[in-house]
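Have a look at the structure below, then the notes.
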Amino acid sequence: MSSSSPQLRRLKPAYQYVVNNFLAVLAVLAVPLVVAGIVSAARVGPEELLARLHALRPVHVFLAAFVPAAAGVLYLMMRPRSVYLVDYACFRTKPSHRVPFGTFLEHAKLVTFIEGASIDERSVRFMTRLLERSGLGEETCLPPAHHFIPPYRNLEASREEVELVIFSTIDDLLAKTGISPDAIDFLVVNCSLFAPIPSFTDMIIRKYKMRSDIRNVHLSGMGCSAGLVSVGLARNFLQVAPRGSHALVVSTETITPNYYVGKERAMLLPNCLFRMGGAAALLSTSRAKARFRLSRVVRTLTGAQDNAYRCVYQEEDDEGHRGINLNKDLMTIAGDALKANITAIGPLVLPASEQLLFALSFIARRVFNNKSIKPYLPDFRMAFEHFCIHAGGRAVIDELQNSLGLSDEHVEASRMALHRFGNTSSSSLWYELAYIEAKGRMRKGDRVWMIGFGSGFKCNSAAWECIEPARDAQGPWADCVSRYPVHIPEVLKH
């Protein structure tokens, strides 16, 4: 078997070419038949040919002409409208918000002396080990409220973070697109852990004096994959709205009220990974000025299973401190959700050659009932040039790289976004897309696969096709992209 593997690998490009270009190959093979038909018709003569045409009944002629035309018109009327990404913007963190490891750990040590906090020296040592292996760099940022001792976690400080992140991000997006707030028909915002009254959408509508008839939705509690849920919801709105409508999607996570001061290890992990960030995207059914076309949105939910439902769970510890509990089985559950999502999106995006190999593998396992026959893992590199994997942590990126057979370059954007910005929750995918563009790697026609994970447990995917790459590297990477990529050691000593 080992001796035949190199031969099979050499034959695979030829196999892929034949299967993926089946219609073209069929057309080439059909040329002799068409030529033979033309020669045969020429031999019959014009008089006999006309006699055969007159022998056809009018109803046959009508059906032959009308049915294909009617089917074509019906298809054009019923097919979903294409939705495009006009542009997007990410929150640009400020140097004053940066929290190097030393600052973060010193801050945590001082919190141990605060009345009511349960965090102790043992917890600080645990967080130190987590940070050393997290893949985060020294320039990640926390909101201003977390730079105080004790950290502010009140409603006013939380609102200040929201306004800082989303207003500045929307300002950048409106400046890039040149669109007026009055031209926005739909507004979708997602933030999982902070849902004040009035809502985020109300805050945005008031700030930008948007129309009174704007349709708006605030999604909460849906975790790090909520950004793609918002994109899918905006797409659904646009496909039933008048052509040329616009939808604004805003994704963020408010860190201020969610600093955990207890000592449960499973609840200390979010303190080390999550950092401030946000993104805004403008979608439309008009192709004018669009930069990407939204090809697919596929959502997978495994919440019917108890272990999946509770693997990312907001709760209070035994001492009453509220936080997010990340279950030890999280990576296994995420892997199962990814498999389900791959099964759903694969037939929609993979070329015929990969689908055929997957089908043959599936049939062989069922027919022979032989578990030693490994299921064929489709090569998604045949379907996408770029991958934006949710930067939830080093383990998440490692797991997906191994599961999908991706190279280091394919996951570079995810690792660098985690290193520079940390886990920015649902907005991390947009920081990764911005990295790919800032490095000048995006080309017209390139396909991008965004993969997000979130509580529930959810795995959501979005497929994009590039129409117009970015003309410059302006954005969240403008002041640092020249320093990336950087080497990230397994254990960072500081």
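Just so you know, glycine gets a Cβ as well, placed from its N, Cα and C.
Here TrEMBL flags 21-39 (among others) as transmembrane segment.
Feature annotation from TrEMBL assigns transmembrane segment to 59-78 (among others).
The domain 'FAE' feature in TrEMBL is assigned to 75-366.
The feature transmembrane segment is assigned by TrEMBL to 216-238 (among others). Residues 81, 83, 185-195, 199-202, 205, 245, 247, 249-251, 253, 279, 281, 283-285, 294, 297, 299, 312, 390, 392, 423, 425-430, 450, 452-456, 458-462 of the same chain, all 6+ positions outside the transmembrane segment (216-238), place their C-beta atoms under 8 angstroms from a C-beta of that stretch.
If you look up TrEMBL, you'll see 385-465 marked as domain 'Beta-ketoacyl-[acyl-carrier-protein] synthase III C-terminal'.
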Could you break down the residues of the domain 'Beta-ketoacyl-[acyl-carrier-protein] synthase III C-terminal' (385-465) into DSSP helix, strand and coil, giving a count for each?
35 helix, 21 strand, 25 coil
Could you please provide the mean pLDDT value for the domain 'FAE' (75-366)?
93
